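Have a look at the structure below, then the notes.
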Ligand SMILES: Nc1ncnc2c1ncn2[C@@H]1O[C@H](COP(=O)(O)OP(=O)(O)OP(=O)(O)O)[C@@H](O)[C@H]1O
Ligand SMILES: O=C(O)[C@H](O)COP(=O)(O)O
């Protein structure tokens, strides 16, 4: 990739310069408690290296999907605190994105200090479809790094932008895309590392190449399934998306998650790729979507009316585990069941354990799948790579252009 990188920026020298870093700090929260800080940890090395080299680091990030206006529940306060704990120094959170408070916090930065701007999606221009609006926010962000107030200290060298939020590079948003045109832009270590690992899956993966898909976003992942099928040796389908495939086989799926509009396509894919697609042969069903539901394990073609499938059954888990054990390359996106509730966590745990034990080159992509690895207490180090990107890693595997990367290459 012909881009300038964090290493280039560090060798130019950053001492005294204000450097804007876009990180993906979109973590799962329970109230104000971070339930999985994986993304904060992943963002740390770039921030730390810049701070240690004497930069005044300004971090921009989003949390959730607020609608362009401040909302307390989407404040980055818990993230600023966690980042500070992990860095071992205070991270001041600006009370706004590019307003007076942000300017004041930035003006107070000493060399090596780190500040976090409030949720960039509190500003409606961040996600605007109107390019001029996004460009205006990008200029405001760039101005925070401006060397006018800083020219002497910075030795005439102005600000810089480091794009390190891999999980968000598939978004054409102001703090990801447009800002890279408003400032000298550099690819951060996390973005480069993620792209390098994922390129091993799109290049010439070692075979057998097994992909495990699950989760609940069937329609979102339809394009990925179609794009992946010609490239993989096996596609194991669990989670909520399995029921659309079971319906396509003519089974009744009770009140399980079902994307009726996709049944016909699923039937076509099953017919064309019968040798590759594996769907569940048994499922754990429940009489309601709750941890205290009545449950049963039934054959996939015998889901009773009014019951819903919330996990793959033990026979399926064993089958998936055997496929994974034989693989040389595994990509996993989407939990096999509702792992957040104990009665429906066994399938996800079994599949994840099999991936960890497989010795294959294994990549976990997807917010909930990565969280499942940590929340279920699986040995993280036994996975080759746990991607910080959900949608971003899938779009990459699909072969789509990632705007936040293309702009660094001078394209998009
Ligand atoms: N059988 C099922 N019925 C309903 N929901 C399910 C089922 N199996 C898994 N899920 C839910 O799917 C959710 C995760 O789906 P999702 O497609 O968002 O995966 P992901 O790993 O977060 O990927 P991405 O980051 O791409 O969104 C989990 O919250 C899980 O409870
Ligand atoms: O969680 C993610 O996948 C990234 O942070 C991107 O978030 P978004 O889907 O709300 O753009």
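Note that Cβ sites are derived from N, Cα and C of the backbone, with glycine treated the same way.
TrEMBL labels come from automatic prediction, so no person has curated them.
Under the three-state DSSP scheme, residue 62 (substrate binding site) falls in the coil class. According to TrEMBL, the substrate binding site annotation covers 24, 25, 26, 39, 62, 63, 64, 65, 121, 171.
The ATP binding site feature in TrEMBL is assigned to 221, 309, 340, 366, 367, 368, 369. In sequence order, 214, 215, 332, 333, 334, 335 are the residues near residue 369 (ATP binding site), counting only same-chain partners six or more apart with C-beta under 8 A. According to its DSSP assignment, residue 369 (ATP binding site) is helical.
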Annotated binding-site residues 24, 26, 121, 221, filtered by Cβ under 6 Å to ligand 1: none
Three-class DSSP secondary structure - residue 26 (substrate binding site): coil
Those binding-site residues in 221, 309, 340, 367 whose CB falls under 6 A of ligand 2, listed in sequence order: 367
Which binding-site residues sit within 10 Å of residue 64 (substrate binding site) - Cα, from 221, 309, 340, 366, 367, 368: none
DSSP three-state assignment for residue 221 (ATP binding site): helix
Listed binding-site residues (24, 340, 368), ranked by Cβ neighbours within 10 Å, top entry: 24
For residue 309 (ATP binding site), the three-state class that DSSP assigns: strand
